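Annotated features, as they stand in Swiss-Prot:
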BINDING   D486, D492  Mg(2+) binding site
DOMAIN    553-612  domain 'KH'
DOMAIN    622-690  domain 'S1 motif'
Amino acid sequence: MAFETFSVALDKDKTLIFETGKIARQASGAILVKMNETWVFSSACAASLSEAVDFLPFRVDYQEKFSSAGRTSGGFLKREGRPSEREILVSRLIDRSLRPSFPNRLMQDIQVLSYVWSYDGKTLPDPLAICGASAALAISEVPQNCIIAGVRVGLVGGKWVINPTRDELSASKLDLVMAGTASAVLMIEGHCDFLTEEQVLEAIAFGQTYIAKICDAIEAWQKATGKQKNFSAVLDMPEDVQNVVSDFIREKFEKALSFRDKEALEQASKELEESVIANLVQEENSDFSLLNVKAAFKTAKSNQMRALIQDLGIRVDGRTTTEIRPISIETPFLPRTHGSCLFTRGETQSMAVCTLGGENMAQRFEDLNGDGAARFYLQYFFPPFSVGEVGRIGSPGRREIGHGKLAEKALSHVLPETSRFPYIIRLESNITESNGSSSMASVCGGCLALMDAGVPIKAPVAGIAMGLILDRDQAIILSDISGIEDHLGDMDFKVAGTAKGITAFQMDIKIEGITHKIMEQALAQAKQGRSHILNLMTQVLASPKGTVSKYAPRIETMQINTSKIATVIGPGGKQIRQIIERSGAQVDINDDGVINIAASTQESINKAKELIEGLTGEVEVGKVYNGRVTSIATFGVFVEVLPGKEGLCHISELSKQKVDNISDFVKEGDKLAVKLLSINEKGQLKLSHKATLED
């Protein structure tokens, strides 16, 4: 392929430049996207499957090369390896944006790789990666139903900003990443400072105008330079197969839908599928293959569930479209934790635990912008027993990381300032039962665990997951969706926030986008559900507890002059190690001179403060100190008046009477009251015990 390029101007100093034909020419599609000095490369390749499967084997991997920012990893291994949390989250953004664009029953193994090759420290690479991955697929042979693009939207100084820079984003009240086609939204994810539903809709509409502009440019470029699409890899569903399967299960599945609990419904559905396979699969007839019959069964189930909702307004568990499942709350739940809550909504349950600690408990991370530490972090655990299965236990999967980060963002906006509450906060959400909306249960349970731990949050936060049934030109929004509704429905729209406004949201679409009107309806219905849940939460725990748990460490802060930081640390950290050893407290010093002292007892904190004040305190001429004799010489004694500060009390200043033998007057280690007479130009202290004696 010859070298080709095109550009899309978004705003001043924000122009997307797409290039192909120079790099990775053996890939099915390869694109280099540039904005200023941030460059992101994306490739798309596909391979034929050795055997047909009933899912789309689509994999996205995004990697930020440290060399792109002129850095190397601070770890022992300098080669990029296991993806970081941020890389996994961006990989998920790309995957969720692109997945709805593929045709149903596409029998290809598809891989998209994205690498950050150059990073200027200003232009954020994730929206470039979404656009680059989409463009790489667009010019490849991989079949797609639509072209997509992605952007980031911020709210800075009351104005919407497209693809905000890193500095703009730090001042923004909104961080929204969204993707869609030229006419509809496919994916959104973001968090914000208590924006209203109307503001979020306005932000989405603002971003959609730029998405349409990018999509139109990619589509025009595809028509001019793209490869022929390989639609032969898409399997058709024979109409008679779908009809036969639908007729076979109609009455039987209607009976299965009468079961209101998840386990009974799943068992009935499993038995029905086995019956369908046993009766309808025909080895001699390829139309009635196992793959086709299973796909037709899934479609028939979905259609029947949808019909129940559309015709009767009743869902599979008997609820109306706006009804929330029964909620029970127990807090505190665990006796020795700093804060805990058992939050149950229907058959979804989260055991949330809050742990408070000092600076050493912060979550360290490393990315293109350097090293950092998270003051607050939420970790989500989804063991296989929560859905009655046997499975792998180990490092978290992409889904666990994504769900945890969404809940973390939802709660981060209500945390107090560090100056008011200096603790490091770790939240964990242990999903002990799951039937949909477990990430939003993590938000609710996590909020209550924070309140139980005595974290003075600004307001309670609740979350709810919304679904969509879109058929017959009719859009039905479902509140608090269950697992089967998530699986067979058209949308998963999670919204979290306070009574005042939204703090986080995430939407995934399985169809080719939804309209502004549907999102408006979903957000309005989500607000009603959120208010209901918040009311139940505040009935159990109206406000955060006034004090932290007796099992939590005590933390106090003190401020010192930045010029004294080196004094407190000492050569090679000697001084601060001595403070920690002598006090039993954990001491952490920030670059701004703020010192955090954490200990299990108040006595340890007081001892550490005393030692630090001694090191950083300034001696005053004329002041009397109760010092300690550190050494004795023939001409006088050296007395430590403050930790690390010694002065000389000459033999003539020891007493009003003549002292012949100093050792007869005072011993090393004795306490001795001395008055500071003067400080010479070298900083040496002249002390007098005689001056403290009464006439």
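Count begins at 1; order follows the chain as displayed.
Just so you know, glycine gets a Cβ as well, placed from its N, Cα and C.
Around the Cβ of D492 (Mg(2+) binding site), the number of neighbouring Cβ atoms within 10 Å comes to 22.
Secondary structure of the domain 'S1 motif' (622-690), assigned with DSSP and counted as helix (H, G, I), strand (E, B) and coil, comes to 8 helix, 36 strand, 25 coil. Taken residue by residue, the domain 'KH' (553-612) breaks down under DSSP into 32 helix, 16 strand, 12 coil.
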